[in-house]
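The structure appears right after this line, and notes come after that.
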Amino acid sequence: MAETKATLTNRLLAVKHNSGKSYSEIAEETGLTNVYVAQLFRRQAQLKPDTALKLRAVLPELSDELLGEMMRPPMRSYDPNLIQEPSVYRLNEAVMHFGESIKEIINEEFGDGIMSAIDFYCSVDKVKGVDGKDRVVVTFDGKYLPYSEQKTEHMVSRLRQNGN
């Protein structure tokens with residue numbers, strides 16, 4: 001019987017927990033962002049073969065079976081109840097509150113388009129504010145993707161239908 005995503009995720013998180021290492025420590029040792037490392041352990045990202053060797057060196061408890069599962073394309077999904085978790089709720093609230101302004105600035109700086117969440121890097125960092133208190137820095141670093149003008153002459157499917 002196939003293992004569920006939740007069961008596999010729990011096994012992966014147990015390996016991380018047993019290592020005593022944080023996502024940021026694993027990230028530093030593998031050359032990945034801390035959020036990407038968390039995505040790997042939550043089966044939201046695919047582990048690439050060259051990175052698998054680095055991850056195994058950092059976490060020797062990862063079995064060949066677990067590494068193999070991490071290298072399979074994941075089912076990227078989330079629990080809809082996750083929004084009720086306070087940190088996730090506040091992050092969503094911040095994006096929704098600032099979203100329209102961020103969109104306008106993207107349009108001013110780049111033109112009509114979006115920030116990719118595919119060619120995308122994300123990290124979470126801890127810094128001290130000017131008042132000496134801890135602050136959370138969430139960085140979204142995504143490739144700019146312009147919207148295409150939909151000209152029929154560029155529509156490959158239509159070109160093929162017309163014998164071109």
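In case you wondered, yes, glycine gets a Cβ from its N, Cα and C as well.
If you check Swiss-Prot, you get these features:
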- ARG90: active site (ACT_SITE)
- GLU93: active site (ACT_SITE)
- SER116: active site (ACT_SITE)
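Overlay of Swiss-Prot feature records on the structure.
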residue: ARG90; record: active site; contacts (Cβ under 8 Å, 6+ apart): none
residue: GLU93; record: active site; contacts (Cβ under 8 Å, 6+ apart): none
residue: SER116; record: active site; contacts (Cβ under 8 Å, 6+ apart): GLY142, LYS143, TYR144, LEU145
In three-state DSSP terms, the structure that GLU93 (active site) belongs to: helix
